[in-house]
Amino acid sequence: MIEIENLTVSRSGAEILKDVSVKFGAGGITALIGPNGAGKSTLLNAIAGLIKPEHGRVTVGGCDMISARPPERASHVALLAQNEHVTARLTVRELVSFGRWTHHHGRPQERDLRMIEEALEAFDLGPLAERRLDALSGGQRQRSFVAMAWAQETPWMLLDEPLSALDPRHVRGIMDRLHELTRPGQGQRSIVIVLHDLSVTARYADRIVAMKDGRLVTSGPRLLTMTGGMLSDLFGTGLAIETVAGRDVVVPS
Amino acid sequence: MVDRRLFLLGGLLVLACAAFLLWNLRAPYGFILGLRFTKLASLCVVGAAIGTATVLFQTIAANRMLTPGIVGFDALFIFIQTMLVLTLGGVGFAGLPALAQFGVEAAILVAAALGLFSIVLRKGAEDILRLVLTGVILGVLMRGLASLAQRLLDPSEFAIVQQASFASFGAVDRTQLAIAFVILTCCLLAALRIARYLDVAALGRGVALPLGLDYDHVVFIALGLVALLVATSTALVGPITFLGLLASSLAHAALPTWRHSRLLPAAALIGAVILVAGQFVFERLLGLQSTLTVVVEFAGGVLFLFLVLRRPRP
């Protein structure tokens, strides 16, 4: 479980997160939603221990992420930041193999090589494995980074807008794969994902954490918390949830 | 397994060294070989130090167009030379004990670099760009101050400063060279020891930290090594700004890899090959003196412009 207590984060004198307290239950997909500037990315970075808060506490599986050393943090959470890119000229396989770095520190073993192959296959990257990242489209690169985070094999994956450059087929492909990973069974992962596509949220999220202006608005199971009224208040525009072909979609009201 | 291309580069360096030592060798052999060996060793030490330092710096800065010289090492060295001549006079400067001068200059350069790194990066290695820009501005300031001080010198003292402002391999003290060799060897070994951490650091802070790398720690070690390598080579022979850019770019071209366990020795070998082969051509074949560093700076400057102006890859 991720537990956040009274977390306040400031940058240049401005409070980005204001006394946020929330718990993320293990298993399933938790969608972090809210308008631009709500503090979603900052919250993910704080969970990963990359930001020192003014005050408050963040624990993941009992590990204090604020005081933990980077290798310990990396054994609990894999973070894929927003619009991440690398300047090194890597192939897709090489990038994904860096996901195993926390396990092998530059000396990959049999299990690491197997996980790299599984990650490539899981995210439909086999045919692109030997291509250089700078020769890929934005969406292909994005999938490569998600595969790298997956290969890290941590109980928690924190993904900041991983769908932003993807076409509908790959949005569905990645979300289906992430959904499978969070089901009970061997190698089950828990995922916290920042999403702006509310219909994707309605389809895949098990739980919702909604934020606005650096504060927590609401959190809980999607079916209970994600209502047209809540979304309209959160985003400051009329939104409604309708059912089309048996699935919830979010539309302007 | 060691890359075969590293052996080829090593072989190239051995050939260049043999040509430099033995070409047109006349009696008295021992005396001439001794002189040539000292010069050869200083060329190798400086070339390897600058090549290694540049790869380290470019990895940390995530930019293959930068050299450590850009953060003002050269300007500070010239400023130190100018102030020494201004305060001690030409005769006093010439009478300075060579070893003490080398030690003090290297110490000032290292202290200034570490001071800059620790002040700019005191909140963590998040803002390498600010470090580079601060270094550039400090370099301009040092150059301005040196230029001002040079106006107060008489012509003969000004000529001494001018001579000290360009790299020269002609009269390197053997004790200084031995010290520089030890420092280079230690730094190169330390750089190779952190090579697999540098591989991850090259991905950038945003990717490397979540992968479990203690990024700030690796950056500070790498910058410390850069400071030691550049300060030692600059105090030994003087500033060569663009040699590192040449060595690093050729290393990336010869070994297109992200593995620092190969890139670092490749850049060190290529840095040494450029200086030794270049000095051999100028000194032995063309019979010219003291023009190599000018040509290296020119070629490096052209390469720098090419890297800046070339069209980015799609």
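Using the three backbone atoms N, Cα and C, a Cβ is placed for every residue, glycine included.
Residues or ranges marked as transmembrane segment by TrEMBL: B:6-25 (among others).
With a threshold of 8 Å between CB atoms, the same-chain residues lying at least 6 positions outside the transmembrane segment (B:37-61) that come near it are 13, 17, 20-21, 67-68, 125, 128-129, 131-132, 167, 169-170, 172, 174, 177, 180-181, 184, 187-188, 191, 198, 201-202, 219, 222-223, 225-226, 229-230, 232-233, 236-237, 240, 243-245, 247-248, 251, 260, 263-264, 267-276, 279. Residues annotated as transmembrane segment in TrEMBL: B:37-61 (among others).
Annotation comment: TrEMBL describes B:73-95 (among others) as transmembrane segment.
The transmembrane segment annotation in TrEMBL covers B:102-122 (among others).
The annotation transmembrane segment is assigned in TrEMBL to B:128-146 (among others).
According to TrEMBL, the feature transmembrane segment maps to B:177-198 (among others).
Taken from TrEMBL, the feature transmembrane segment covers B:218-251 (among others). Only residues 6 or more beyond the boundaries of the transmembrane segment (B:218-251), in the same chain, are considered here, and those with a CB under 8 A from a CB of the stretch are 42, 45-47, 49-60, 64-65, 67-70, 73-74, 77-78, 102, 105-107, 109-110, 113-114, 117, 121, 125, 128, 164-169, 172, 176-177, 179-180, 183-184, 187, 190-191, 194, 197-198, 200-201, 263, 266-268, 270-271, 274-275, 293, 296-297, 299-301, 303-304, 307.
Annotation source TrEMBL lists transmembrane segment at B:263-282 (among others).
Tertiary neighbourhood of the transmembrane segment (B:288-309): same-chain residues 64-65, 166-170, 238, 240-246, 249, 274-275, 278-279, 282, selected by CB-CB distance under 8 Å and a gap of 6+ residues from either end. Per TrEMBL, transmembrane segment is recorded for B:288-309 (among others).
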Considering the transmembrane segment (B:263-282), which listed stretch of B:6-25, B:102-122, B:128-146, B:177-198 counts the most C-beta pairs under 8 Å: B:6-25
Same-chain residues at least 6 beyond the ends of the transmembrane segment (B:102-122) whose Cβ lies under 8 Å from its Cβ atoms: 71-73, 76-77, 80, 128, 130-131, 134-135, 138, 173, 176, 179, 216, 219-220, 223-224, 226-228, 230-232, 234-236
